[in-house]
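Listed in Swiss-Prot for this protein:
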- 1-22: signal peptide (SIGNAL)
- Thr173: phosphothreonine (MOD_RES)
- Asn244: N-linked glycosylation site (CARBOHYD)
- Asn271: N-linked glycosylation site (CARBOHYD)
- Cys299: site 'May be important for catalysis' (SITE)
- Asn320: N-linked glycosylation site (CARBOHYD)
Amino acid sequence: MRSWVVGARLLLLLQLVLVLGAVRLPPCTDPRHCTDPPRYTPDWPSLDSRPLPAWFDEAKFGVFVHWGVFSVPAWGSEWFWWHWQGEKLPQYESFMKENYPPDFSYADFGPRFTARFFNPDSWADLFKAAGAKYVVLTTKHHEGYTNWPSPVSWNWNSKDVGPHRDLVGELGTAIRKRNIRYGLYHSLLEWFHPLYLRDKKNGFKTQYFVNAKTMPELYDLVNRYKPDLIWSDGEWECPDTYWNSTDFLAWLYNDSPVKDEVVVNDRWGQNCSCHHGGYYNCKDKFQPETLPDHKWEMCTSIDQRSWGYRRDMEMADITNESTIISELVQTVSLGGNYLLNVGPTKDGLIVPIFQERLLAVGKWLSINGEAIYASKPWRVQSEKNSVWYTSKGLAVYAILLHWPEYGILSLISPIATSTTKVTMLGIQKDLKWSLNPSGKGLLVFLPQLPPAALPTEFAWTIKLTGVK
């Protein structure tokens with residue numbers, strides 16, 4: 001009798017388990033009460049609630065690479081095709097008449113994009129030496145040519161035309177061998193794609209281009225290369241509803257192979273920039289004046305007049321080393337990341353002047369990286385735009401962009417205590433300091449050394465511990 005009762009109870013318990021297993025509970029949307037990861041819905045309130053993966057804020061410095069068929073004419077800028085045949089600017093029409101046959105089309109540049117000297121390991125070594133923690137490569141710019149064998153970019157991709165190589169895949173392999181995060185730039189629009197022009201003519205009430213080209217390529221890039229970052233662009237003519245951006249991002253955050261680590265920017269529709277996305281670019285070369293309340297990135301180019309390589313650049317167009325370091329310092333102090341662009345040649349070479357600038361950043365970071373990587377904004381960001389602060393743990397870093405008169409640095413913001421200690425990164429000895437006669441902050445007596453003996457040529461970092 002007892003065994004029959006026990007058996008009956010076990011049977012009832014099994015039935016209960018089966019019933020409960022068949023019940024589909026609604027997804028948890030409040031991370032505070034979830035045991036499983038939340039499911040994001042395809043709308044901005046939900047997508048914007050996703051926490052930014054920590055690696056991006058810790059990285060601080062990345063390298064941007066603009067490379068494509070525009071690297072063949074290498075004149076004016078990477079917008080060459082649009083300036084020539086979209087806007088029909090006279091200087092571009094004259095350039096073509098003077099240098100190419102009358103019937104030469106933009107597609108004829110494709111076979112000349114050879115990447116003959118492209119060595120992904122050499123590029124990756126350079127980016128590593130530059131101190132970059134992530135690299136973003138153009139997979140497709142507004143011209144529509146793809147740097148990978150896109151199945152929906154027939155005869156206008158790097159496998160079919162030009163290099164006959166998977167440039168995105170090769171660089172990704174080399175980058176990741178060096179523990180650098182890999183990001184992919186992708187333009188939503190294509191200037192002259194017939195389906196895009198058809199949708200444009202229809203007032204973007206149809207989505208022939210999005211369904212046949214944009215979305216298939218984005219899903220392919222994610223599944224094929226598993227990027228750490230997607231740098232979207234080319235959004236400005238249409239709302240995010242045309243691009244189906246929220247549907248893609250919901251899949252990316254919920255079900256993609258990179259759902260836990262991937263980071264995205266804010267260019268997903270004409271209504272999104274500086275409002276929606278993982279982090280904000282807002283606009284090219286964006287520099288806020290005060291500390292934003294959202295993670296952001298400043299993207300800028302060593303060549304101030306172009307993102308792609310151009311043969312007509314002059315020395316005056318090249319950003320100097322001290323300006324690059326100053327922008328990096330100010331960006332990080334204000335809570336941002338700094339993404340510095342280079343444009344390789346059609347052959348796949350990064351010209352010496354670009355290499356020199358990148359290596360200068362790497363040299364500076366080898367001494368001062370402690371104040372940059374994984375740092376946080378301090379309670380005060382700057383003093384008189386000549387001293388910029390960062391913090392990490394109990395340490396505060398004051399980065400001075402100009403050497404003060406008589407070698408005495410006045411800092412108003414830090415409050416000294418009985419345990420205050422002051423050093424300069426790159427110099428072993430403690431620095432002497434005293435309370436500021438003004439009653440606020442302290443005076444730091446900088447090392448009396450010839451310029452060649454200082455840790456760096458510009459932007460010196462004072463490390464403060466035991467201050468409030």
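Counting starts with 1 at the first residue shown.
Using N, Cα and C of the backbone, Cβ positions are placed for all residues, glycine too.
A count of other CB atoms within 10 A of each Cβ picks out Asn244 as the most crowded of the recorded positions Thr173, Asn244, Asn271, Asn320. Listed in sequence order, the residues of the same chain lying 6 or more apart from Cys299 (site 'May be important for catalysis') and placing their CB within less than 8 Å of its CB are Phe64, Asn281, Asp284, Lys285, Phe286, Leu339, Asn341. Geometry remark: Asn320 (N-linked glycosylation site) versus Thr173 (phosphothreonine), CA distance 31 Å.
For the pair formed by Thr173 (phosphothreonine) and Asn271 (N-linked glycosylation site), distance between Cα atoms is given as 35 Å, rounded to the nearest Å.
Asn244 (N-linked glycosylation site) is 13 Å away from Asn271 (N-linked glycosylation site) when you measure Cα to Cα.
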